[in-house]
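Student: I grabbed these lines from TrEMBL:
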{"type": "DOMAIN", "residues": "57-401", "note": "domain 'FMN hydroxy acid dehydrogenase'"}
{"type": "BINDING", "residues": "136-138, 165, 187, 215, 282, 304, 337-341, 360-361", "note": "FMN binding site"}
{"type": "BINDING", "residues": "189, 224, 306, 309", "note": "glyoxylate binding site"}
{"type": "ACT_SITE", "residues": "306", "note": "active site, proton acceptor"}
């Protein structure tokens with residue numbers, strides 16, 4: 001049985017597949033669905049499947065940022081491209097993140113007075129211009145000389161949130177100085193050397209970061225075959241600046257075996273003892289872990305599978321989102337990363353209950369293209385497409401309705 005859900009706030013439709021052949025040819029034949037509607041509010045979206053579109057996407061590589069991706073692949077060194085692009089093992093989860101959006105269709109509303117469209121939303125009380133932020137990814141100087149400083153400036157210019165990676169090639173202080181009015185969170189791995197992690201938390205709070213994002217899905221790095229084949233390391237002239245002077249770096253340009261695999265839910269309390277910053281947990285894919293996160297006092301959850309770079313064979317994030325939103329029940333804000341390539345993808349994620357989505361690889365492609373300007377262009381395209389999708393779907397506001 002195939003179960004697929006799409007909801008817009010208090011409206012939901014569930015489709016249950018009743019008949020499907022097992023061979024690929026059957027994907028192009030008609031399928032029969034039973035459906036049940038529950039809740040009771042008219043909103044803009046439901047979900048259907050068109051197998052022709054699914055097959056077309058598999059073979060054509062469709063996506064808004066295809067031009068940026070192609071540019072990055074052409075101009076980056078192969079080892080760098082492979083590091084940014086690859087997933088774990090056979091890359092099934094990485095690819096599944098993209099394909100999952102192609103299964104979702106809109107049910108648009110018309111004659112709703114769409115002369116004014118408002119894309120603003122709030123993240124933990126801070127307004128952003130539209131619900132797309134920049135996810136934490138490492139080593140931005142591999143893409144552009146100014147690295148994370150350019151990323152921070154682009155996010156500030158677009159009035160959105162940038163989650164800075166622990167493994168940045170600029171220090172948190174340099175990033176804050178580059179965009180002093182920017183809205184930033186900091187992504188944290190908890191290291192075996194707890195003093196190192198504690199020091200980072202205190203530094204980011206002093207530098208004016210406004211949230212702490214704990215990545216929880218990496219007790220050990222996933223098996224990224226391309227990186228193993230390439231023996232990936234940072235170039236000699238580049239360092240993980242937040243670790244400079246702490247200890248020697250060898251593995252991925254990082255302290256060897258530095259991430260603490262013993263991290264558990266009690267470490268949320270440890271972090272809360274260190275900082276007044278709101279804590280967001282990244283890497284949740286099940287309702288059980290979402291409930292535990294809320295019970296431990298986190299203010300936000302990022303539904304994430306690490307861009308398909310950790311456990312291969314897990315769910316696409318958009319598929320995991322619905323049960324997590326249902327479990328949280330407004331006790332925390334829920335965000336999502338993975339697979340976002342178009343403005344309509346953003347609207348689909350919001351329709352399922354996400355407050356905001358975060359971009360990983362497309363941000364790196366924009367940086368590779370033209371630094372701050374290139375990333376701003378990626379964000380502007382997504383903003384414009386999202387606004388158009390809202391208008392065509394009959395959705396006027398995010399903040400007020």
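Backbone N, Cα and C atoms are what each Cβ position is placed from, and that goes for glycine too.
A TrEMBL annotation is a machine prediction, not a hand-curated record.
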Student: I'd like to confirm something. Which of the binding-site residues, 189, 224, 306, 309, has a Cα closest to the Cα of residue 337 (FMN binding site)?
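Tutor: That would be 306, the closest of 189, 224, 306, 309 to residue 337 (FMN binding site).
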Student: If you measure from the Cα of residue 189 (glyoxylate binding site), which of the binding-site residues 138, 339, 341 is the nearest?
Tutor: 138
Student: How big is the Cα-to-Cα gap, in Å, between residue 187 (FMN binding site) and residue 224 (glyoxylate binding site)?
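Tutor: Computed Cα spacing between residue 187 (FMN binding site) and residue 224 (glyoxylate binding site) is 21 Å.
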Student: Please state how far apart, in Å and to a whole number, the two most distant Cα atoms are among 189, 224, 306, 309, the recorded glyoxylate-binding residues.
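Tutor: Answer in Å: the longest Cα-Cα distance is 19.
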Student: Using C-alpha atoms only, work out the spacing between residue 138 (FMN binding site) and residue 306 (glyoxylate binding site) and round it to an integer in Å.
Tutor: 12
Student: Quick one: Cα separation, residue 341 (FMN binding site) versus residue 224 (glyoxylate binding site), in Å?
Tutor: 22
Student: C-alpha of residue 282 (FMN binding site) to C-alpha of residue 306 (glyoxylate binding site): distance in Å?
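Tutor: So the Cα of residue 306 (glyoxylate binding site) lies 9 Å away from that of residue 282 (FMN binding site).
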Student: Other Cβ atoms within 10 Å is the metric here; tell me which of the binding-site residues 306, 361 scores highest.
Tutor: 306
Student: Counting only residues 6+ away in sequence within the same chain, which have a CB under 8 Å from the CB of residue 136 (FMN binding site)?
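Tutor: 163, 164, 165, 166, 187, 213, 215, 282 - these are the non-local Cβ neighbours of residue 136 (FMN binding site), listed in sequence order.
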Student: Other than its own, how many Cβ atoms are within 10 Å of the Cβ belonging to residue 282 (FMN binding site)?
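Tutor: Within a 10 Å radius of the Cβ of residue 282 (FMN binding site) lie 25 other Cβ atoms.
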Student: Which whole-number value in Å describes the distance between the Cα atoms of residue 361 (FMN binding site) and residue 306 (glyoxylate binding site)?
Tutor: 11
Student: Do you know which of the binding-site residues 138, 339 has the most other C-beta atoms within 10 angstroms of its C-beta?
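Tutor: When each Cβ's neighbours within 10 Å are tallied, 339 tops the list.
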Student: Taking the Cβ of residue 309 (glyoxylate binding site) as the reference point, list residues of the same chain whose Cβ is under 8 angstroms away and which are at least six residues distant in sequence.
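Tutor: The answer is 86, 87, 88, 94, 222, 224.
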